[in-house]
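Engineer: Annotations per TrEMBL:
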TRANSMEM  21-43  transmembrane segment
TRANSMEM  49-69  transmembrane segment
TRANSMEM  90-109  transmembrane segment
TRANSMEM  115-135  transmembrane segment
DOMAIN    124-195  domain 'Concentrative nucleoside transporter N-terminal'
TRANSMEM  142-162  transmembrane segment
TRANSMEM  201-223  transmembrane segment
DOMAIN    203-301  domain 'Nucleoside transporter/FeoB GTPase Gate'
TRANSMEM  278-300  transmembrane segment
DOMAIN    306-528  domain 'Concentrative nucleoside transporter C-terminal'
TRANSMEM  364-386  transmembrane segment
TRANSMEM  473-497  transmembrane segment
TRANSMEM  509-530  transmembrane segment
Amino acid sequence: LEKKYDEACEFCKKHKTRIQYVVYGILITAYLAVVIAACSLNFQRALPLFVTTVLAIFFICWDILIANYEDRIAAFLSPGDRYLKKQWFWLKWVLRAAVIITIICWLIFDTTKLGSRQLISFGGLLMYVLLMLVFSKYPTRVAWRPVFSGIGMQFILGILILRTKVGFDVFNWLGIQIQTFLEYTDAGAKFVFGNNYTDHFFAFKVLPIVVFFSTVMSMLYHVGFMQWLIGKIGWIMQILMGTTPVESLVAAGNIFVGQTESPLLVRPYLPYITRSELHAVMTAGFATIAGSVLGAYISFGVSSSHLLTASVMSAPASLAASKLFWPETEKPLVTLGSGIQMAKSEAKNLLQAASQGASTSIGLAANIAVNVISFLALLSFLDSALSWMGSLFDYPQLNFESICAYVFMPFSFMMGVDWEDSFIVGGLLGYKTFFNEFLAYERLSKLIQNRKMGGSMYVNGVKQYMTVRSEVIATYALCGFANFGSLGLVIGGLTSIAPSKKKEIADGAFRAMIAGTVACFMTACVAGMLTSPGLEVPCHILLGNASNFTDFPANSTELVECCQRFFTSANHSKEIFPGGNYSLNFRKVCCQILGQPAFHCP
């Protein structure tokens with residue numbers, strides 16, 4: 001038996017590769033059989049599985065093709081490349097003229113169709129680019145390709161996601177799936193903290209999501225999926241934007257992991273990067289959020305699809321803002337020809353990777369908890385102190401949010417936020433910048449809940465909720481780690497990874513935080529340009545509030561739209577205006593608003 005066993009082992013060692021191919025072939029065949037069976041039973045139900053399978057097959061074939069025939073493909077395409085280089089001098093001017101004409105035509109038609117609010121967002125985008133250029137480290141050395149390419153990638157992603165039905169449905173579906181996936185955290189939280197764990201929502205509902213997401217990310221990192229995905233996104237940004245491999249990979253990594261984890265992907269190369277590349281690495285961390293806290297914000301009630309979109313769009317925006325604020329003046333040492341390799345997981349197996357991810361999240365969850373406790377306590381003290389100071393001048397309403405509202409109001413308004421909402425969003429930006437984005441999103445979630453509950457929009461002259469458009473723009477503007485608390489975290493984390501760059505890190509961190517903040521604002525401007533306005537508060541609530549003009553302003557576009565719908569939908573008015581005796585009261589309100597003559601208002 002021992003002899004036969006040794007012979008079997010020797011045979012397996014000799015034909016190891018063939019046996020692996022056979023096993024993989026059997027598993028792949030079985031998987032494809034399952035996919036075909038599922039599609040034949042109910043294709044609509046199996047559509048996500050079918051699309052995932054097609055994408056996986058495409059990328060596997062692509063990787064095999066590139067690995068084996070990259071030189072032949074490059075040789076085949078080289079005549080076209082030489083021709084483009086030869087004709088590039090006049091082609092670039094044709095392309096620039098085409099882009100400018102396209103933008104002008106798009107703005108004209110879009111403004112005609114949707115109104116002028118999108119123009120404010122476009123003006124805000126131009127304003128932020130101009131400000132970054134004016135305060136740039138080397139204004140005359142700016143390379144415009146990364147800047148325009150980054151904004152262009154933002155715009156294309158925004159159009160695909162926000163303006164096309166397919167893109168919107170895909171990201172909406174992804175958001176729903178992530179929400180469903182995160183709900184599995186409840187099983188662990190319920191077992192540890194008991195059935196009433198939601199009574200302590202933040203501690204026992206939100207923080208366990210951070211633990212669960214960190215565990216999953218660690219497992220995906222161990223199997224190599226995250227490195228593969230980050231590599232593909234980084235390669236796309238590198239080709240389109242002309243950025244270096246290090247900064248492209250870190251920017252792509254920041255879509256999924258935190259600002260101190262993503263530099264670990266390229267840790268061996270950090271001592272050799274230039275000052276501009278280091279600035280780009282830090283900016284990418286400030287302009288995005290980690291996947292682990294993304295789940296926490298979704299649990300607050302913030303739109304999951306918009307958070308996902310903001311995370312993706314802010315990656316190219318971070319490189320665009322960084323290269324504008326700190327242009328490259330040195331020759332990068334790490335290039336595409338260097339054969340850059342990303343770090344691999346140190347875990348021995350999948351279970352160890354899961355355990356390491358959960359253990360790593362302890363520090364993150366604890367850090368979030370203590371920061372929220374300390375910042376809320378500090379905010380309460382500041383509000384109390386400011387109220388006392390304000391009472392000396394007969395203005396006890398003075399608080400931190402009202403100060404931030406006036407400071408950041410111009411920035412929020414230029415993103416395309418409605419004028420009445422710009423002060424509220426300005427206060428949220430103050431919370432995010434001086435404390436952290438957790439407090440800002442928690443406040444935003446309350447505003448969203450107030451809108452969904454309906455009721456009076458104004459109480460004692462104070463607005464209780466915003467329009468959906470303002471909520472969407474605020475979601476994009478807040479989606480980043482750019483705050484003073486993260487400033488120390490980045491300096492400490494990067495210094496420990498690359499001690500030789502300690503001075504450069506300290507010198508460029510504050511500029512990187514500003515660039516990260518502006519990158520988020522640019523993403524919000526693009527979202528403001530592409531967000532289609534619509535009727536955002538139910539008409540029966542709006543017109544009910546309008547009957548009391550002391551609490552609600554009568555001259556709003558939403559009210560005008562409601563009244564127009566009321567007068568033009570006599571046959572369907574009960575569907576639009578549910579309730580009992582609504583016709584007479586609403587007719588009186590709408591007659592005052594529209595000043596309707598003739599038969600509508602006898």
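Along the chain as shown, the residues are counted starting at 1.
Backbone N, Cα and C define each Cβ position, glycine as well.
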Engineer: Restricting to the domain 'Concentrative nucleoside transporter C-terminal' (306-528), report the mean pLDDT as a whole number.
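Structural biologist: Over the domain 'Concentrative nucleoside transporter C-terminal' (306-528), the predicted model scores a mean pLDDT of 87.
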Engineer: How about the transmembrane segment (509-530) and the transmembrane segment (115-135): at least 3 CB pairs under 8 Å, pairs 6 or more apart in sequence, or not?
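Structural biologist: They are in contact.
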Engineer: Which bits of the chain, at least 6 residues beyond where the transmembrane segment (21-43) starts or stops, bring a Cβ under 8 A of a Cβ in it?
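Structural biologist: Long-range Cβ neighbours of the transmembrane segment (21-43): 49-50, 53.
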Engineer: Excluding the flanking five residues on each side, which residues at least 6 beyond the ends of the transmembrane segment (115-135) place their CB within less than 8 Å of a CB in that stretch?
Structural biologist: 107, 142, 147, 151, 321, 324-325, 413-416, 418, 469, 473, 515, 518, 521-522, 525-530, 533
Engineer: Counting by DSSP secondary structure, give me helix, strand and coil numbers for the domain 'Nucleoside transporter/FeoB GTPase Gate' (203-301).
Structural biologist: 81 helix, 0 strand, 18 coil
Engineer: Report, as numbers and ranges, which residues of the same chain sit near the transmembrane segment (364-386): CB under 8 Å and 6 or more residues beyond its ends.
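Structural biologist: Sequence-remote neighbours of the transmembrane segment (364-386) are 202-203, 207, 210-211, 214, 258, 292-293, 296, 398-401, 403, 431, 435-436, 438-439, 485.
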